[in-house]
């Protein structure tokens with residue numbers, strides 16, 4: 001719909017503390033260089049200062065980079081306000097409209113009241129937006145903009161987008177810290193930042209989906225990973241552990257508060273912690289603390305979102321409760337020989353999973369929760385475990401973003417030399433993890449105390465922070481491979497993990513030991529030479545490309561949508577209710593403030609059903625049925641798009657009209673196979689036939705706006721039509 005054109009001119013644990021346990025797994029882990037009295041040397045201070053300077057610089061560079069691309073793609077500073085708002089595509093426009101609403105409210109209290117008692121987002125319904133949606137960031141920015149003395153210097157829209165772009169700097173700095181903590185060298189952080197920027201296509205899409213919830217939440221998720229990495233490192237004092245745990249909680253809280261899919265990400269992370277615990281790679285104290293941070297964050301968000309039942313019914317919360325419960329009552333899990341321990345671990349896993357699904361089922365039944373059932377329908381349909389005709393599941397399955405990760409992704413990652421060190425590091429560490437796990441399972445003396453005798457001399461060892469990040473990249477890598485949209489959870493961390501492989505001691509020590517020439521001098525030489533060589537190559541190869549990219553000038557160009565929004569703003573009542581596609585209606589709310597029948601925030605069962613009903617305007621339905629559906633939703637106007645009615649973007653079976661036909665049991669358009677139980681529809685397609693102006697259509701709908709892309713029809717009152725139908729009969733009676 002929107003086009004871009006070239007711009008002219010352009011404590012009580014029986015186990016040892018985390019310090020002892022981590023030293024067991026990687027005895028060579030050592031803190032930064034200090035003097036005899038424990039004070040850092042001046043060289044260490046200088047080295048750390050340089051590292052922080054580089055990290056902050058790379059973060060700012062990333063921020064400026066995406067802000068420049070956004071400006072150059074749209075000429076954002078020079079287009080009209082309505083065009084700026086249209087550029088907030090699909091659900092982004094819906095979220096931004098609440099920031100705009102907070103600014104336009106007479107007072108902060110009034111703005112909050114309107115959000116808590118909103119009757120403009122869904123017609124004929126009053127909903128609590130702070131409970132339904134994750135829009136605390138819009139509320140926070142709206143309040144901040146009102147109280148700061150910046151109104152005369154910075155437009156509201158720039159305050160918003162600059163905040164989102166600034167979070168990209170936080171993201172890069174968090175990745176920088178993670179790789180620095182893992183490798184012990186800030187050169188790894190520098191390499192991470194450069195790789196993140198060069199692989200922008202696969203690491204972020206913030207420049208064209210500014211308001212998307214993931215652009216707010218992923219920087220906090222990266223901060224949380226950095227905090228977990230720091231918490232699992234050896235040599236941490238108790239006070240340091242407490243500080244890191246509080247930082248971890250705050251990061252997790254912000255992550256959960258800004259994205260509605262937080263529960264599924266925390267579920268994957270809880271599975272990682274569970275695996276580390278089962279493989280005896282972290283202490284019981286650490287496992288419990290990590291779980292409690294997740295639970296505390298989820299419950300805090302539950303309170304902030306006015307007791308949102310979707311959080312209490314989440315699988316993540318059910319799994320953590322089950323894991324802690326079973327762990328507390330199942331004794332002797334890590335004792336015995338290999339076979340006995342494997343059997344105990346299998347039983348432990350089965351018990352945890354069974355209890356998880358039981359708790360989750362009972363919670364959802366008690367809460368009457370159906371808000372997230374579309375996600376489970378999608379997962380079941382994706383793996384062939386559920387019905388393929390389900391409308392909600394098909395909407396996701398037919399989108400490329402929810403398909404498998406394309407193979408050309410790996411070509412791009414290899415082009416920046418990211419894929420090669422990542423795969424080497426991943427394979428080597430997985431082999432080391434397998435050998436270490438086997439050794440731990442075979443020797444029960446390793447449990448709960450430092451190893452003795454022959455076990456002390458094992459060459460295979462791994463720090464807990466490294467083990468966590470290894471499993472993190474494996475789990476989220478599998479998630480990305482299965483669903484392309486989830487790659488943004490993986491690729492950023494991939495940069496940090498690959499940089500750790502290049503700059504860390506583990507892999508290079510293994511290589512030098514293999515050729516019997518491992519000395520501190522050679523190890524240090526390689527650890528500094530290789531990353532510098534890679535950085536030099538990347539700068540040489542990609543700097544001209546980056547300069548070309550930031551110099552390309554385009555301009556926002558979408559006259560049809562601008563014309564539609566202008567007409568709606570000037571020619572329709574302010575309380576008018578509009579029906580149409582979810583994506584378009586989000587823009588209508590932002591640009592015109594009109595009431596909607598449906599919208600893109602899909603995490604509500606009643607809204608999903610209404611959306612399917614409203615979409616009958618693109619199905620084979622009679623005008624009477626469409627009119628009844630739209631009237632039931634409270635619509636005054638309906639907007640139909642030729643790009644949806646005559647869609648060619650998807651193939652047969654995935655066009656919206658095909659999904660509706662299948663859902664209604666009708667045969668699809670065009671040549672191709674149909675299921676034998678499908679029948680021919682008794683009526684023509686509404687979006688096509690209404691344009692013919694037949695009597696059955698003009699009696700219920702009148703066209704009030706039209707351009708090359710959009711057709712707007714006003715719904716006539718049903719009572720008037722009935723009266724009109726009765727009048728001819730009365731006249732005939734009189735004449736007789």
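From the backbone N, Cα and C atoms, a Cβ is placed for every residue, glycine too.
These features come from TrEMBL:
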- 1-11: compositional bias 'Basic residues' (COMPBIAS)
- 1-21: region 'Disordered' (REGION)
- 44-67: transmembrane segment (TRANSMEM)
- 139-162: transmembrane segment (TRANSMEM)
- 169-196: transmembrane segment (TRANSMEM)
- 244-261: transmembrane segment (TRANSMEM)
- 302-325: transmembrane segment (TRANSMEM)
- 345-363: transmembrane segment (TRANSMEM)
- 419-439: transmembrane segment (TRANSMEM)
- 460-482: transmembrane segment (TRANSMEM)
- 488-504: transmembrane segment (TRANSMEM)
- 525-543: transmembrane segment (TRANSMEM)
Non-local residues, at least 6 beyond the ends, that sit with Cβ under 8 Å of the transmembrane segment (139-162): 67, 70, 84, 96, 98-103, 108, 111-112, 115, 130, 210-211
Positions whose Cβ lies under 8 angstroms from the transmembrane segment (302-325), at least six residues beyond its ends: 116, 128, 130-132, 134, 136, 257, 260, 263-264, 266-267, 270-271, 274, 288, 291, 294-295, 351-353, 355-357, 359-360, 363-364, 367-369, 371-372, 603
Cβ-based contact of the transmembrane segment (169-196) with the transmembrane segment (345-363), 3 or more pairs under 8 Å: no
Residue numbers, six or more beyond the limits of the transmembrane segment (460-482), whose CB comes under 8 Å of its CB atoms: 18, 21-22, 24-29, 178, 181-182, 225, 228-230, 232-234, 268-269, 271-272, 275-276, 279, 281-282, 286, 382, 404-405, 426, 429-430, 432-433, 435-436, 439, 489-491, 493-494, 496-497, 500, 506
